Amino acid sequence: MSRPSQPKLNTTDHNGVSVIQSQAHAASSSSSLPVSVAGLQQVPQLIPANPSPGGGKALPPSKMKKPPADKDSEEYRQRRERNNLAVKKSRMRSKQKALDTQQRVNELKEENERLEAKIKLLSKELSVLKDLFLEHAHNLADNVHPPAGAEVSSPAPNSTSTNGQ
């Protein structure tokens with residue numbers, strides 16, 4: 001669906017902003033537009049007098065275009081030298097960071113190996129102590145036999161035992 005062309009009135013105010021206003025069509029019987037379209041209200045649009053490609057945003061000083069310096073100039077040579085030093089310094093920091101990270105990885109690997117060895121040693125010690133405990137408990141169970149005429153119930157809480165006294 002194509003829009004019918006409407007005559008436009010351009011005016012510029014004192015702030016340098018153009019205001020575009022569309023004239024409304026008069027609703028007449030000879031109009032080919034439907035009633036719903038002919039009755040629409042036109043809204044003025046604000047457009048800058050000098051449109052810029054940046055959308056009206058100001059660029060920071062670091063992004064502004066500077067005239068290219070002559071490659072033989074002293075200023076160009078100084079800027080290149082400063083940039084080369086900055087790049088060198090950045091690469092040195094990057095290499096140092098990589099070395100520090102690798103050193104930390106090696107330290108953590110060594111600590112991990114020590115801890116795994118300690119786990120293995122403690123596991124063996126636990127196993128030996130378990131075996132000793134079970135052997136001792138088995139020996140105690142073998143040495144304690146209930147008397148021939150006694151019931152197979154738990155002993156009384158205040159029973160006296162013979163400890164050789």
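Each position is counted from 1, following the chain as shown.
Cβ from N, Cα, C; glycine included.
As annotated by TrEMBL, compositional bias 'Polar residues' applies to 1-15 (among others).
Summarising the annotation, TrEMBL assigns compositional bias 'Low complexity' to 17-38.
Positions annotated as compositional bias 'Basic and acidic residues' by TrEMBL: 67-83. Sequence-distant neighbours of the compositional bias 'Basic and acidic residues' (67-83) (same chain, 6+ residues past either end, Cβ-Cβ under 8 Å): none.
According to TrEMBL, the compositional bias 'Polar residues' annotation covers 155-165 (among others).
According to TrEMBL, the domain 'BZIP' annotation covers 73-136.
What TrEMBL lists as region 'Disordered' is 1-104 (among others).
According to TrEMBL, the feature region 'Disordered' maps to 142-165 (among others).
Across the domain 'BZIP' (73-136), DSSP assigns 63 helix, 0 strand, 1 coil.
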